Amino acid sequence: MNVLHIDSGILGDHSVSRRLTAALVTQIKADRPDAKVTYRDLVSERLPHLTGAQIMAPADLNGVDPALASDIRVGRQMLEEFLAADTIVVGAPMYNFSIPSQLKAWIDRLAVAGKTFRYTEAGPEGLAKGKRVIVASTRGGHYSAGPASAMDHQESYLRTIFGFFGITDVEFVRAEGLNLGADQKQFAIAEAEKTIAEGNVLRLAS
Ligand SMILES: Cc1cc2nc3c(=O)[nH]c(=O)nc-3n(C[C@H](O)[C@H](O)[C@H](O)COP(=O)(O)O)c2cc1C
């Protein structure tokens, strides 16, 4: 079993999503000691934004500018890791109603025609079927119910893009209201950790 563990929160040791992805991966490893975990910290690795030069570069990188070639190789490696994974654990805080730009930069390297999707006469088809995605979703406010749910471009986007890649098994472990006071923060984290500890996510990892 291959697990891909992705973190994108910029708050280091203060990051709740990092704490939750670590708990998820620990739980998965306890359930499946044979699991091979690949870890990417998208903040410390500083993956550059997608550029036209990357897209227009030839498949054979011999002769391509060394800095550009190196950048493309990192992106290709990330795509291969994604394609090789059975379960992908993603730490995704809500930033400005959406996802961190670091996480978007990673997704931009995954969205490659012929690898994760293709267009057919019947419309787009996802090519990364059969994977499981578990997202540790953190938010300062509340968006899972009520009028503010229309402002959620974080979970809705992640469900859309992974669905576009053909992944229908997308689960969210959520801690929200994290900026609404110490009590609410503690409560939200405890609830998310309880969800993980109760094994609801182990079902996904089995
Ligand atoms: C740059 C930035 C932008 C944020 N934007 C929002 C936002 O639009 N809505 C919201 O509810 N919380 C927002 N927050 C709060 C975070 O979602 C919350 O603090 C979360 O816990 C941070 O992620 P992490 O602790 O998982 O790393 C923002 C935090 C940061 C640092």
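Yeah, the Cβs are placed from backbone N, Cα and C, and that goes for glycine too.
In TrEMBL, annotation is done automatically, which means it is predicted and not curated.
The FMN binding site annotation in TrEMBL covers SER15, VAL16, SER17, MET94, TYR95, ASN96, PHE97, THR138, ARG139, GLY140, GLY141. The C-beta environment of GLY141 (FMN binding site), restricted to residues of the same chain at least 6 apart in sequence and closer than 8 Å, consists of ALA148, GLU176, GLY177, ASN179, LEU180. Following the DSSP three-state reduction, the secondary structure of GLY141 (FMN binding site) is coil.
The feature domain 'Flavodoxin-like fold' is assigned by TrEMBL to 1-197.
Note on PHE97 (FMN binding site): other Cβ atoms within 10 Å of its Cβ, all shown chains, come to 15. Taken residue by residue with DSSP, TYR95 (FMN binding site) is part of a strand.
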